[in-house]
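So TrEMBL says this about it:
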- C:12-32: transmembrane segment (TRANSMEM)
- C:44-65: transmembrane segment (TRANSMEM)
- C:117-135: transmembrane segment (TRANSMEM)
- C:147-167: transmembrane segment (TRANSMEM)
- C:159-213: domain 'Cyclic nucleotide-binding' (DOMAIN)
- C:187-207: transmembrane segment (TRANSMEM)
- C:219-240: transmembrane segment (TRANSMEM)
- C:271-290: transmembrane segment (TRANSMEM)
- C:336-358: transmembrane segment (TRANSMEM)
Amino acid sequence: MRRVTRHIKGGCRNKAKIPPGSSNKDSSAELDESLLLTENLTTNLFRIKQFLIDCSDIVYREFLFAQREDIRLVMIYTDGLADKSQLSDQIMRALSLELPLSAPQADITRSGAYHLIKERGVCVHQIKETNRLDEIIEAILSGDTVLLVEGNSTAIINGARGWESRSISEPDTEVIVRGPREAFVENLSTNTAMLRRKLKSHLLKIEALRLGRISKTDVVIIYIKGVANEKLVTEVKRRLRKIDLDGILGSGYIEELIEDNPWSPFPQINHTERPDRMAARLLEGRVGIMVDGTPFALTVPNVFIEYLQAPEDYYERFYFATGVRIIRFAALVLSLTAPSLYVAIITFHQEMLPTPLLLSIAAQRESVPYPAIFEVLFMELSFEILREAGIRLPRQIGQAVSIVGALIIGEAAVRAGLVASATVIVVAITGISSFVFFYSASIAIRMLRFPIMMASAALGLFGLISSIIVLVLHLCSLRSFGIPYLSPVAPISVGDMKDVVLRVPWWAMYNRPRLIGWKNPRRLGPEQKPDFPEVKNRGGAGDA
Amino acid sequence: MNRKIILLMVLILALLFPEGCWSRREINELAIVLGAGLDRTADNKVQLTLQLARPSAFSGGGENAGGEAPRQNNSWVVTGTGDTVLDAENNLALKVSRHIYWSHSIIIVYGESMARGGVRDVSNFFMRNPQPRETSWIFVTEGEAKNVLESHSELEKTSAQSIAFLARNQPGYSIMLEDFQQNLTSPGTNPAAPRIQLLKLGQPQGVGMEERLRHEEVGITGTGIFKDDKLVGWLDMSETRGLLWLHGKVKEGAIIVPSPGQPDKKISLAISRDKIKVNPEYDGETVKFNVNIEFDMELLEQQSNEDLTQPEKIKEIERLAAEEVLEQCNSALAKAQGDYGTDIFGFGEAFHRKYKTEWKKVKGHWNDEFQKARVDIAVEPHLRLTGMLHRRASLKR
Amino acid sequence: MLEDGRISSRQATFLMSTMIIATVVLFVPSITAKYARQDAWLSIIAAILAGLLIARLATTLGLRYPDKSIFEYPEDILGKWPGKLVGLLYVCWFLHLNAEVIREYGSFMVTAFMPETPIIVFILVVVSIAAYATINGLEVFSRANEIFLPLIVGSVIILFILALGQMNFHMLLPMFDAEPEDVLKGAIAPEGWFGEVAVITVLIPYLNKPREAHRVGALAVLTCGGLLLLDAVGIIALFGPNLVEAWLITTLNGARMIIVASFIERLEAVIMIIWVTGGLIKITVFYWAAALGSAQLLKLKDYRPLVVPIGTVLVSLSTLLHPNISDLLQFLTSVWPPYAIIVFEAGLPLLLLTVSLARGIRGARV
């Protein structure tokens with residue numbers, strides 16, 4: 001790492017070998033002289049400029065200390081990352097103009113000047129001192145402002161960050177009717193603040209980490225102490241520390257680097273952009289990981305059932321939630337098997353159709369020149385293409401695409417005798433069903449549909465059932481941070497069935513999920529079922 | 001290791017796919033059999049007649065719906081002969097461009113020639129082959145089964161469906177392949193099957209219908225009764241009612257009896273919920289059956305003027321109804337027991353249930369034993385309901 | 001330990017139940033009805049009682065050595081080489097049994113659903129899936145089975161309810177018509193199947209709580225017995241004893257009889273689901289037992305390298321065993337039950353238990 005300092009001409013954009021700050025701190029015992037500041041401001045400045053050569057977005061502002069004009073000060077920051085109004089008001093104006101008015105002292109030493117600046121001059125909330133060059137560089141690039149004082153080998157790092165960021169808006173991917181409508185944004189500190197607002201307990205721990213050799217992305221591990229299992233927290237930290245990648249631009253990078261079964265098509269780490277959902281998961285004993293720069297927070301461990309639960313289930317009445325969940329399960333089964341079942345039945349097991357239906361499908365297919373499997377594949381593929389186009393296209397054109405798609409696929413193909421109308425129905429049902437449950441799981445299901453279709457085209461229902469069995473076996477072999485992926489269905493955990501297909505009312509949901517929150521299982525106080533006899537007896541007096 | 005296995009499986013699947021699809025049959029490669037008829041030819045061969053669906057004529061809905069599209073034939077009837085049913089099917093297949101597909105065949109019609117000669121040999125095919133359904137309806141017809149299948153239906157899409165729905169509604173005695181077969185295997189009973197015939201129906205109305213003036217539809221006209229697997233005779237519709245009573249299978253229907261006070265006028269009683277108890281008695285030589293039939297009736301039609309709601313009138317109606325039913329039963333019994341000596345009522349099984357050890361002696365020649373048996377029938381009708389009216393509504397007061 | 005997985009008592013019960021139900025439901029009613037006719041239910045009750053005895057015997061034996069499987073403790077009981085021989089016999093039995101099951105599996109698919117497809121296709125597919133499951137280990141297929149078994153039991157019950165309309169319970173009369181020896185003869189076949197519960201001797205060391213093994217065995221036999229009873233009664237009420245005995249796979253025909261509101265028809269597919277999933281679990285259990293047993297006999301560290309070779313053996317054995325389905329059925333009806341019961345399900349365990357008791361040796365307590 002240290003030899004890198006000699007390659008300072010690397011340039012800021014592609015300085016892959018500039019010392020990574022966080023990982024370097026551990027080796028501070030054997031620090032190189034050349035990484036420390038000297039008392040000479042010019043030298044210091046020169047060396048910093050050497051590091052940040054060709055980085056045109058760095059601003060160096062030299063000015064004079066109001067108390068003693070021979071003490072030069074340099075303020076260094078990155079353009080766009082620092083809050084300029086704060087800099088000019090609280091640092092420059094304070095040091096170069098206002099300081100003498102408040103503290104007139106003629107014979108101030110250089111080190112005295114430093115203390116004066118630190119203690120009284122700089123009106124910034126977060127400050128930090130350092131004498132190390134790498135920390136200074138990192139601070140500058142992270143948006144902090146560094147103040148160098150002539151004759152001092154210590155720099156003051158002012159935490160006056162301020163950059164343009166998106167304001168909090170409604171979640172795009174997890175829309176609900178009833179419930180909070182805020183979503184995470186790209187800014188990590190905003191996100192942790194949102195979470196802290198939901199869980200105002202000292203037990204909510206937010207541990208910071210910096211990952212990515214170049215990107216130096218801030219990552220935090222979030223958990224509730226006493227609820228989350230410590231072993232899980234340690235394991236999450238261990239897996240995160242192992243990451244050695246040049247840049248982490250989204251939580252998806254981390255997801256793939258810490259999964260238990262990297263080859264599985266199923267995501268084993270859940271993500272959400274809803275703070276309420278994240279808080280709910282933390283309360284169940286899960287551990288969250290948030291990455292700066294992405295509005296999607298990760299939670300582990302993840303079980304498959306989570307994809308069939310929507311945040312709204314917990315805000316709406318439980319009868320409704322249960323009903324909707326049954327529909328979601330049906331949609332899952334349909335989106336995985338509907339086209340395969342269709343292919344299997346109409347090419348192998350025609351006896352399973354009622355006679356009138358068989359005759360009507362036979363009539364539709366009379367003019368179709370292809371085998372059923374090609375027909376279904378063709379339709380499924382066009383549907384997937386349409387869907388992809390719908391996502392990638394600018395929103396205004398998206399409308400047009402769906403109209404054209406519906407027209408072409410739904411009407412023209414049938415009229416032209418390319419596909420049977422029954423096929424269109426099946427593909428449409430499949431397509432719509434796959435939107436019902438959580439997006440990242442639906443991707444896996446969408447992709448798996450095709451091999452299952454092939455199997456049913458080759459072996460009929462037998463192929464279909466066999467491939468489902470393989471799928472179930474695979475799902476059973478998955479674990480997410482040690483928790484079986486299909487729990488609580490397999491292995492069965494009767495108590496947890498309260499939140500799988502059923503969603504029992506809150507006053508009956510006594511325990512946290514057994515495998516995840518076993519450390520502190522109880523989440524409900526005693527006698528929470530509402531029962532207010534005094535109100536009943538009063539008999540509507542409250543209406544007045 | 002894990003990955004290797006997956007790879008292996010993918011390989012196997014990949015091998016299977018192009019090579020595979022052995023059992024694959026696209027729908028438009030199928031000749032869907034809707035009904036089958038079996039006749040015995042003069043030279044003792046099996047003549048198989050199949051009614052095949054013509055899918056292109058079935059396009060429901062779509063742009064043709066309600067349009068004046070020319071009517072097409074919904075089905076195509078083909079015949080083949082051979083030594084066995086499969087042989088006949090193979091010979092028949094020479095004339096059909098698609099695979100013959102049995103799974104949707106809902107009726108099997110035995111022609112008289114076939115039924116008289118015994119159906120055991122040919123019915124085996126329908127049980128052994130996985131495609132035909134056990135729930136197909138069985139019929140016998142006077143004359144050739146081929147003629148029946150060649151007819152077509154005005155109401156349903158094909159005559160096969162029309163015949164099957166007739167059986168499903170059970171106005172007569174109807175039986176499925178599986179029950180027929182069960183009766184064949186059981187020593188305590190003999191099968192019976194509904195008789196169907198071509199009937200000349202009313203003249204179709206409207207333009208362009210003149211050529212249909214000679215249209216004939218299939219209808220149920222009675223029951224063919226078997227002794228073991230051979231057709232021995234026929235029951236007419238009234239005797240068929242008797243058979244149904246003795247089977248406890250009268251699902252619906254009516255009894256017409258003279259009005260108690262005005263014997264020249266009639267009243268109609270609809271039947272519901274019949275129950276039959278067969279109690280055999282055996283003294284070592286003769287078998288006696290005490291049959292008790294109990295059923296509920298509803299007064300649905302009255303031609304007479306009298307007030308039928310008095311209790312004694314109701315008693316009288318019940319007595320008349322009982323007589324009527326008794327007569328139907330006796331006529332059926334007279335034919336089956338007296339003329340043909342075949343137990344189509346399952347009395348043998350009732351006997352078996354009560355006399356386990358004695359049964360072993362008589363089961364080999366049960367039909368003879370049955371011919372000697374005495375059958376006492378007691379009928380117990382209950383008039384429970386009188387319809388929506390209390391008294392006649394059309395009387396001048 | 002060769003197998004790291006541990007399963008709960010429930011999982012073990014489920015596993016054994018699926019294993020037995022899968023095949024018993026299909027073939028047994030017709031085999032039993034052949035002898036006991038409408039009294040088949042009596043035979044089945046007799047078989048359940050005998051099955052309970054066998055389960056008890058197996059668990060009693062197994063619990064004397066709660067940390068060892070039947071491939072290992074014969075060495076402790078009989079000495080090194082005789083013990084190894086017994087272990088080897090069991091491995092061979094599991095292989096043979098499995099090959100028979102695989103053959104049944106293929107025959108069933110070919111007969112009932114896809115007559116044009118060569119049987120080897122089904123055998124290959126099922127053996128590959130079973131190999132995949134075996135490699136994933138006991139825990140994984142036990143877990144998968146927790147999804148399959150409720151499905152299977154639910155399907156059987158739903159089929160029964162749907163078929164109720166077509167049933168005629170007069171067919172079960174007269175009761176006690178069959179001769180006692182016929183009832184017993186009819187009991188032999190289901191007993192051969194129930195006796196497969198002896199495989200619990202392999203499972204005991206991998207139970208979370210080995211002490212509950214008695215209950216596991218008994219519950220498994222009772223579950224399967226109950227379902228088989230339901231099945232047999234329903235089938236006889238549907239078809240009468242005469243037809244039941246004629247049919248190859250009676251339950252399948254039973255499902256084909258179902259007509260509900262002229263809309264739900266031909267529910268053979270449900271039978272296929274029961275058979276394909278249940279059969280697969282059964283094949284996997286014996287596959288796993290054979291692989292594990294061979295590894296234990298050979299003192300290997302891992303059984304997984306043996307999976308593919310054993311699979312090859314299974315595929316070839318199952319294709320070579322019988323020239324046709326009549327031979328298979330003949331074997332299953334008359335040769336298999338006595339052979340399995342006398343030698344492996346009751347005989348050898350009894351011998352081992354006697355010797356172990358006589359010599360007063362037992363394994364570590366748990």
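Backbone N, Cα and C define each Cβ position, glycine as well.
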Go through the chain and flag residues at least 6 beyond the ends of the transmembrane segment (C:117-135) whose CB is under 8 A from any CB in it; none is fine as an answer.
102-103, 105-107, 109-110, 141, 144, 279-280, 283-284, 287-288, 291, 304, 307-308, 311, 314-315, 318-319
Report yes or no: does the transmembrane segment (C:44-65) come within contact of the transmembrane segment (C:271-290), defined as 3 or more CB pairs under 8 Å with a sequence separation of 6 or more?
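Result for the transmembrane segment (C:44-65) with the transmembrane segment (C:271-290) is no.
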Other than its close neighbours in sequence, what residues sit by the transmembrane segment (C:187-207), given a CB gap under 8 Å and a spacing of at least six beyond its ends?
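Counting only partners 6 or more residues beyond its ends, the transmembrane segment (C:187-207) has Cβ contacts under 8 Å with 1, 3, 5-9, 12, 15-16, 19-20, 23-24, 27-28, 31-32, 36, 43-44, 46-48, 50-51, 54-55, 58-59, 61-63, 66-71, 94, 97, 138, 213, 216-217, 220-221, 224-225, 228, 285-286, 289, 292-293, 332-333, 336-338, 340-341, 344-346, 349.
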Which sequence positions outside the transmembrane segment (C:336-358), separated from its termini by at least 6 residues, show Cβ-Cβ distances below 8 Å to it?
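Sequence-remote neighbours of the transmembrane segment (C:336-358) are 54, 57-58, 60-61, 64, 70, 73-74, 77-78, 86, 89-90, 93, 97, 100, 188-189, 191-192, 195-196, 198, 201.
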Which listed range (C:12-32, C:147-167, C:219-240) shows the maximal number of Cβ pairs under 8 Å with respect to the transmembrane segment (C:271-290)?
C:12-32
With a Cβ cut-off under 8 Å, give me the same-chain residues at least six positions beyond the ends of the transmembrane segment (C:12-32) that come close to it.
40, 43-44, 101, 104, 108, 141-142, 145-146, 148-149, 152-153, 156, 186-187, 189-190, 193-194, 196-197, 199-200, 203, 207, 213, 215-217, 219-221, 223-224, 227-228, 231-232, 235-236, 244-252, 271, 274-275, 277-279, 281-282, 285, 329, 332-333
What residues elsewhere in the chain lie close to the transmembrane segment (C:219-240), defined as a C-beta under 8 angstroms and at least 6 residues from its ends?
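Contacts with the transmembrane segment (C:219-240): 12-13, 16-17, 20-21, 24-25, 28-29, 32-33, 38, 40-41, 44-45, 47-48, 51-52, 55, 153, 156-157, 159-160, 163-164, 166-169, 171-172, 190, 193-194, 197, 200, 247, 250-251, 253-254, 257.
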DSSP says what for the domain 'Cyclic nucleotide-binding' (C:159-213): how many helix, strand, coil residues?
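Secondary-structure breakdown of the domain 'Cyclic nucleotide-binding' (C:159-213): 43 helix, 1 strand, 11 coil.
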Mean pLDDT across the domain 'Cyclic nucleotide-binding' (C:159-213), rounded to an integer, is what?
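The average pLDDT of the model in the domain 'Cyclic nucleotide-binding' (C:159-213) works out to 84.
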